[in-house]
Amino acid sequence: MKIYLVGGAVRDQLLGLPVKDRDWIVVGADHATLLSLGYQQVGKDFPVFLNPKTKEEYALARTERKSSAGYTGFICDFSPTITLEQDLIRRDLTINAMAQSEDGEIIDPYGGKQDLENRILRHISPAFSEDPLRVLRVARFAARYHSLGFKIASETLALMTELALSGELQHLTAERVWLETEKALNEKNPEIYFETLHKTGALSVLFSEIDALHGVPNPVKHHPEVDSFIHTMLVLKQAVNLTENNPILNKSAVRFAAICHDLGKALTPQNILPHHYGHEQAGIKPTRSLCKRLKVPSYFQELAELTCEFHTHIHKAFELRAETVITLFNRFDVWRKPQRFQEFLQVCLADTRGRTGFETKDYPQIDYINQLLHSANEVDVQQVIADGFEKQAIKNELTKRRILAVKQTKTNYPTN
């Protein structure tokens with residue numbers, strides 16, 4: 001029996017990156033052997049064993065044979081005669097198919113180290129195309145390692161495109177698509193994930209609402225980048241910058257809202273382009289459709305839909321009437337969910353800066369709207385009750401006093 005460290009831990013170690021999770025492969029053993037050594041089996045379909053001391057995951061070396069459509073349609077062989085090389089060849093990319101022996105030797109039968117040095121994401125064998133999930137995984141790795149100069153090999157991109165066109169992607173469950181996508185949203189360059197999926201044709205299959213933005217023009221005066229898909233990717237990049245070092249914000253939710261904020265532009269009638277009157281309200285339906293299909297968590301969906309509807313309100317914050325401001329606050333339920341509103345404001349800032357040449361533009365609207373929020377929050381609910389108001393009258397009076405507080409702040413707010 002031999003044990004090897006495999007996959008991402010070996011890859012990241014060679015890249016000089018911190019190793020988060022360590023996965024191990026056991027060669028020359030079976031279930032009974034590991035159980036007799038005190039390992040605890042978890043998972044029925046695919047047996048993984050927990051080391052009794054470290055609690056790290058160990059798996060028996062295996063081979064896979066395609067048996068039906070989708071990413072689960074495989075027959076596995078866990079025989080003790082399976083070699084390390086046989087186990088490694090079933091993996092997706094060469095850089096993920098390296099192993100390290102217990103004495104520290106790197107085993108690299110498929111050229112992963114060379115591809116690591118050359119910054120190439122390359123598939124190992126034609127069996128790559130047997131698993132449609134790999135299209136998303138490779139796009140996610142491209143997003144993760146883009147800042148290090150990694151590119152997808154042309155032949156791998158061609159295979160991903162074949163897979164996207166084959167109909168295999170339709171067999172992926174919503175949960176798996178969202179899991180990969182949420183992971184991608186947390187990478188350094190999530191825009192690369194969506195751009196890669198667009199290049200391969202997978203975006204139109206899995207994220208048709210986002211893909212529909214491609215080629216939809218905006219007025220060049222306000223959007224020098226013109227194209228709505230390009231703008232959305234620039235907004236996503238800005239959202240990354242704004243959330244990367246802010247532990248308070250739900251960064252993947254902010255980034256998802258950034259992607260959805262202009263989905264309504266794909267529905268703009270041709271005869272009024274490049275203008276997009278009413279795209280805010282129009283964006284709610286495609287956002288809801290996307291979220292329902294991919295079973296996106298409700299928090300993400302709510303933030304994305306509200307962002308679609310109200311992002312231009314913040315752009316025009318200085319023009320809003322006090323009544324409109326309070327309606328906005330009520331729609332976001334800022335009284336009970338203050339963080340969500342701050343996340344929304346970050347998307348609005350990302351939207352402003354996600355335009356070619358506007359990357360460092362000042363956005364005083366956030367300070368202004370937060371001042372109005374502060375004044376509205378100063379209104380004391382208990383005082384309203386103490387003043388004798390009851391039931392619905394409490395809510396009505398509270399709204400009146402909040403509007404008055406906002407009006408006073410608007411009047412006294414310094415303008416340059």
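Numbers run from 1 along the shown chain.
Cβ atoms here come from the backbone N, Cα and C positions, even for glycine.
Listed features, source Swiss-Prot:
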{"type": "BINDING", "residues": "G8, R11, R91, R137, R140", "note": "CTP binding site"}
{"type": "BINDING", "residues": "G8, R11, R91, R137, R140", "note": "ATP binding site"}
{"type": "BINDING", "residues": "D21, D23", "note": "Mg(2+) binding site"}
{"type": "DOMAIN", "residues": "228-335", "note": "domain 'HD'"}
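Feature annotations (Swiss-Prot) mapped to structure.
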residue	record	DSSP class
G8	CTP binding site	helix
D21	Mg(2+) binding site	coil
R91	CTP binding site	coil
R137	CTP binding site	helix
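Between the farthest pair of Cα atoms in the ATP binding residues (G8, R11, R91, R137, R140), the distance is 15 Å. Long-range Cβ proximity for R11 (CTP binding site), meaning a same-chain Cβ under 8 A and a gap of 6 or more residues, is found for I95, N96, M98, G112, L116.
Using D23 (Mg(2+) binding site) as the reference Cα, a 10 A cut-off selects G8 from the binding-site residues G8, R91, R137, R140. Across the structure, D21 (Mg(2+) binding site) and R137 (CTP binding site) are spaced 17 Å apart at their Cα atoms. Comparing the binding-site residues R91, R137, R140 on other C-beta atoms within 10 angstroms of each C-beta gives the minimum for R137.
Listed in sequence order, V19, K20, D21, D23, N96 are the same-chain residues at least 6 apart in sequence whose CB falls under 8 Å from the CB of G8 (CTP binding site).
DSSP states for the domain 'HD' (228-335), grouped as helix (H, G, I), strand (E, B) and coil, give 81 helix, 0 strand, 27 coil.
Ranking the binding-site residues D21, D23 by how many Cβ atoms sit within 10 Å of each one's Cβ puts D23 at the top.
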